[in-house]
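All remarks here apply to the structure that follows.
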Amino acid sequence: MLINNKKLLHHILPILVLALLGMRTAQAVAPGIVIPPKALFTQQGGAYGRCPNGTRALTVAELRGNAELQTYLRQITPGWSIYGLYDGTYLGQAYGGIIKDAPPGAGFIYRETFCITTIYKTGQPAADHYYSKVTATRLLASTNSRLCAVFVRDGQSVIGACASPYEGRYRDMYDALRRLLYMIYMSGLAVRVHVSKEEQYYDYEDATFQTYALTGISLCNPAASIC
């Protein structure tokens, strides 16, 4: 029996090693989420996940990825307080600042919800940045009237872009950009998308891509090698 066990281990150990290496490789290449800066945090959400216009509920992953915000929350949350997150809860100062997972919306039963504003002034100058041969997915009409889309290439998210009718220097272009977004989203056409990085948006929860102000969309010529 001992000999058989040794033979079994001899065959299994290489497989286990390869499996562990595969797990580490998968973890290494998995894209991390974009963490909102602490400056976007606001505690002004009410019960049932009611975040003010222009804000949304903070997610568990975003909070876990922001050590500065965790330190700040441990300082400002009084006593045995509990707060709602988009997909969890935060147990305040007396609990030790514990972050707990829950299904989306389950934490909205508490009196206050942690919210973040969804627009960030990056300080970058106005400049044209473009991404070629991308298609629009995940169309989102946000609570603050922005229309956003995620642009992908070969199945990978490349960039997010939003158009707004009310804010930013490109608001006068909203109607034209909105029509173009709907058209390319429905048709699946490959395009070149143009963005400005003066403003960064956080409308998508746990995004693995940056999202900026949409400034233009150019259709690709299928007969041309350059888009």
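Even glycines carry a Cβ here, placed using N, Cα and C.
Within 10 Å of the C-beta atom of Cys51 (disulfide bond) sit 23 other C-beta atoms, taking all shown protein chains into account. What Swiss-Prot records for Cys51-Cys115 (among others) is disulfide bond.
The disulfide bond annotation in Swiss-Prot covers Cys148-Cys162 (among others). Around Cys148 (disulfide bond), the same-chain residues six or more apart in sequence whose CB sits under 8 Å from its CB are Arg138, Leu139, Leu140, Ala141, Ser142, Gly160, Ala161, Cys162, Ala163, Tyr201, Asp203, Tyr204, Thr211, listed in sequence order.
Annotated disulfide bond per Swiss-Prot: Cys220-Cys227 (among others), in sequence order. Within the same chain, residues at least six positions away from Cys220 (disulfide bond) with a Cβ under 8 Å of its Cβ are Ser132, Lys133, Leu189, Ala190, Val191, Arg192, Cys227.
The signal peptide feature in Swiss-Prot is assigned to 1-28.
Its own atom aside, the Cβ of Cys162 (disulfide bond) has 27 Cβ atoms within 10 angstroms in the protein chains shown. A simple Cβ count within 10 Å picks out one of the disulfide-bonded residues Cys115, Cys227 as the most packed, and that one is Cys115. In the three-state DSSP classification, Cys162 (disulfide bond) falls within a strand.
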